[in-house]
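Peer 1: For reference, the structure I am asking about is given below.
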Amino acid sequence: MEVTEEVQLHTTGNHRDQNSNKIRKLQRYTRWIRIGFYALFLVCGQSAATLLGRLYYDKGGNSKWMATLVQSAGFPILLPLLCFFTQPTKSSPKQPNFLAFAFICFAFGVLLIGDNLMYSYGLLYLPVSTYSLLCATQLAFNALFSFFLNAQKLSPYILNSLVLLTVSASLLALNSNSDPTTHSSKGKYIIGFICTLGASAAYSLYLCLLQVCFEKVFKGETFATVLDMQIYPSFVASCGCVVGLFGSGEWRGLGDEMKGYGEGKVSYVMTLVWTAVAWQVSSIGLLGLIFEVSSLFSNVISTLALPVVPILAVMFFHDKMNGMKAMALVLALWGFVSYVYHNYLHESKAKATLQSATDINAV
């Protein structure tokens, strides 16, 4: 009788383990599906926003502050999500006091203004394919800032990525005199080059500081806190861009700019509106990846637009993919793969360590 009961208990335990394993597998598959959708939003939104930004300049737009404003002004799209995810839970991270939170949002907003403005200048003065390739330097800056701010080790694969991305950017700098698609003078090309590098550095710094805030200030991540750190800094950045638009006097030329736009007034408005929407679609993907994985991982995924934008630029803006630029693309992709492989090895090692600890506890 006792043997039968032991067998039944053992059988019941096995069924529970099997059901538990099935649930864990389902949760893991569901999580990766969500990550896939977020990555798709990020890559598609970023690619569309970049191309629409270039279209704005090519068809007669010339306001740098307007091009900067649309990068953050679409944040109201995220407000319904904020209302839905604001219910506090037991796992909600500790909120800082109001003054500390306001200072953080203001500081991030100012950083976004500078970052978006530099991107606007880069997109104005550079061919969109060159601009997109330079944006791949985000990974190099990300590795450096992560080393100092997030305690990430510089493995051989990270160092390889740094070298390759540096060489790629250097090739693009040497390509300034031979790029037939450059509509700007050499001086403006250099300004665009420097601004794009500065914007890539600022964006990487933004994401690394965001990770620090989640770890040190909020003591954790929920989707609501991630939304907060997107919406409120975007509001500050939008207000700053409006001040810049009026302070620079560019607002006076917006009427003539709309009238002289190559595709008409409606197209002018729709280009700006859809640029703002595309940036927010990208933001939703970014927020989702930050919540599901980390802000560092989201930066890696954002560079997946690297091979997409230059190809679309050749198709829609007739950019020329000369030998120097093609070599820069290959080196940048190589650097990206090296960086991703480092993250894959790191995650595999972490899983193996966790599995060993689980096996030891089970014994």
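Every residue, even glycine, has its Cβ placed from backbone N, Cα and C.
Automatic, uncurated: that is what TrEMBL annotation is.
From TrEMBL, here are the annotated features:
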REGION    1-20  region 'Disordered'
TRANSMEM  32-53  transmembrane segment
TRANSMEM  65-86  transmembrane segment
TRANSMEM  98-119  transmembrane segment
TRANSMEM  131-150  transmembrane segment
TRANSMEM  157-177  transmembrane segment
TRANSMEM  189-210  transmembrane segment
TRANSMEM  231-248  transmembrane segment
TRANSMEM  268-289  transmembrane segment
TRANSMEM  296-317  transmembrane segment
TRANSMEM  323-341  transmembrane segment
Peer 1: May I ask which of the stretches 65-86, 98-119, 131-150, 189-210, 231-248 has the most CB pairs under 8 A with the transmembrane segment (323-341)?
Peer 2: 131-150
Peer 1: Looking at 65-86, 189-210, 231-248, which one has the highest count of Cβ pairs under 8 angstroms to the transmembrane segment (98-119)?
Peer 2: 231-248
